[in-house]
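These notes concern the structure reproduced below.
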Amino acid sequence: MHGLIPDKLPRHLAIIMDGNGRWAQERMLTRIIGHQKGVETVRIIVEECSRLGIGYLTLFAFSAENWLRPKTEVKALMALLKKYIASEAARMDANNIRFNVIGNRDELPPDVNKAVQGAIDRTSGNTGMILTLALSYGARQEIMTAATRIASDIASGVLKADDLSETAFASYLFTSGLPDPDFLIRTSGEMRISNFLLWQLAYTEFYFSSVNWPEFTPEELYRALSDYQARERRFGRTSAQINTRS
């Protein structure tokens with residue numbers, strides 16, 4: 001038993017899945033084997049989050065900066081991504097999971113984009129957890145894209161500068177329609193957010209696990225969620241104010 005309190009689970013959980021290469025290196029295996037093992041962990045954690053009743057799960061799968069990795073590794077990652085999405089679409093559909101992608105999809109290979117769109121279309125009517133993969137994603141690029149679109153809309157009269165608010169700005173981001181993450185987990189012991197959801201993480205609780213992603217089990221997930229449930233989220237208020245409101 002995990003001992004978690006259902007009513008205190010994060011509505012939106014985000015995970016930076018780090019440590020595939022490190023896990024492989026420790027075992028004298030190739031990096032791609034580490035990524036393959038990481039995909040198995042994705043499958044397990046996605047289904048566990050859905051079972052727990054978490055409404056939104058966002059996974060940082062491939063950053064805008066990851067294109068700078070060796071071409072052989074990038075090619076292998078794209079092939080693995082295509083295979084995962086194509087093979088998991090039916091499983092997601094059966095589990096009532098809705099699939100979503102954020103990032104610059106135009107930079108993805110056509111066959112990967114085809115698999116992505118197929119999974120999005122197949123699961124579009126589902127009402128359970130929304131699984132979002134961040135692919136070719138960078139938060140600074142996201143913010144710049146939003147700012148450019150806003151400037152264009154103001155110039156064309158679609159938007160008035162005086163009407164620009166935080167809510168209006170957020171509607172121009174890739175994550176439009178998604179709530180901000182309540183909880184962010186990063187694996188492998190690294191303590192940084194690596195250009196991930198810079199706007200959206202303003203009041204998110206962070207948790208850094210020393211476990212590499214391929215070894216991130218449901219038990220490790222429960223440990224992280226238990227830590228989250230023990231925290232007091234204040235959103236700039238005092239403890240007294242929070243207790244009075246509750």
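Cβ atoms are placed via backbone N, Cα and C, with glycine included.
Remember, predicted model here, so these are calculated numbers, not experimental data.
Residues annotated as active site in Swiss-Prot: D18. The annotation active site, proton acceptor is assigned in Swiss-Prot to N66. What Swiss-Prot lists as Mg(2+) binding site is D18, E205, and the listing cites sequence analysis. The substrate binding site annotation in Swiss-Prot covers 19-23, R31, H35, 63-65, W67, R69, R186, 192-194.
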Among D18, E205, the most crowded of the recorded positions [Cβ within 10 Å]: D18
Assigned conformation of H35 (substrate binding site) - DSSP reduced to three states: helix
Neighbourhood of G21 (substrate binding site) by C-beta distance under 8 A, where only residues 6 or more apart in the same chain count: R31, G34, H35
Number of Cβ atoms other than its own within 10 Å, given for W23 (substrate binding site): 25
DSSP-derived class (H/G/I helix, E/B strand, else coil) of G19 (substrate binding site): coil
Cβ atoms near R186 (substrate binding site) (within 10 Å, other residues, all chains): 23
Chain-internal residues near G19 (substrate binding site), provided their CB is under 8 angstroms and they sit 6+ positions away: T187, S188, G189, V211, N212, W213, P214
Between W67 (substrate binding site) and the residue listed as 'active site', the C-alpha gap once rounded to whole angstrom: 16
Neighbour count (Cβ, 10 Å) for W67 (substrate binding site): 12
In three-state DSSP terms, the structure that E205 (Mg(2+) binding site) belongs to: strand
Cα distance (Å, whole number) from the residue listed as 'active site' to R186 (substrate binding site): 7
List of residues, in chain order, with Cβ under 8 A from that of A64 (substrate binding site) and at least 6 apart: G103, N104, E107, S136, Y137, G138, Q141, N195
